[in-house]
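Going by Swiss-Prot, these are the annotated features:
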type	residues	note
BINDING	17-25, T42, 64-68, 122-125, 164-165	GTP binding site
MOTIF	39-47	motif 'Effector region'
Amino acid sequence: MSSAAAATRFIKCVTVGDGAVGKTCMLICYTCNKFPTDYIPTVFDNFSANVSVDGSVVNLGLWDTAGQEDYSRLRPLSYRGADVFILSFSLISRASYENVQKKWMPELRRFAPGVPVVLVGTKLDLREDRAYLADHPASSIITTEQGEELRKLIGAVAYIECSSKTQRNIKAVFDTAIKVVLQPPRHKDVTRKKLQSSSNRPVRRYFCGSACFA
């Protein structure tokens, strides 16, 4: 598979969420299969990947946005034309969890009403790391049950927990986002189980643009 020109459809997927929750790490792990060791705050960036789904190829445009307040006026410019949002929070940060409902959903509803949202809890490895939690007493873990409750509260189509460091469920995050666009849920209250079952079909990736070639 050579280029985006071979794709039969373009899907714009935008990642949003508080700064430092791991949005960029998640994108880099998905496109490059590696975990970045240095933290560099994102302003705006994008990646492109040709993805083979059920025998047809779609061009997946991945848009990374900055969560800092300094970019609140510019960030919505990235929302135009979005097909799906990946809304992320850290599983060891209650503030980022609470901001999903207080900050991010109101912003998405204002600038991109009706666009489906996949809710993602990041840094799963740290939530399970007792040594890390002992060294960082200010951390406040979010349970899977709390994540599911938030998904229902905001009307997200799916909830997935992942770790960029271990790459656990990273592929599932983007597979689910793709399937949500290609196979929209018939009912708003679709279960995560149904989406994950659909996401189990083979998905192949061919990276281009500013993404790493894997």
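Every residue gets a Cβ built from N, Cα and C, even glycine.
Note that the structure is predicted; figures quoted are calculated from it, not measured.
Note on A66 (GTP binding site): other Cβ atoms within 10 Å of its Cβ, all shown chains, come to 20. Summary: among the binding-site residues (G17, A20, K23), the fewest other C-beta atoms within 10 A of the C-beta are counted at A20.
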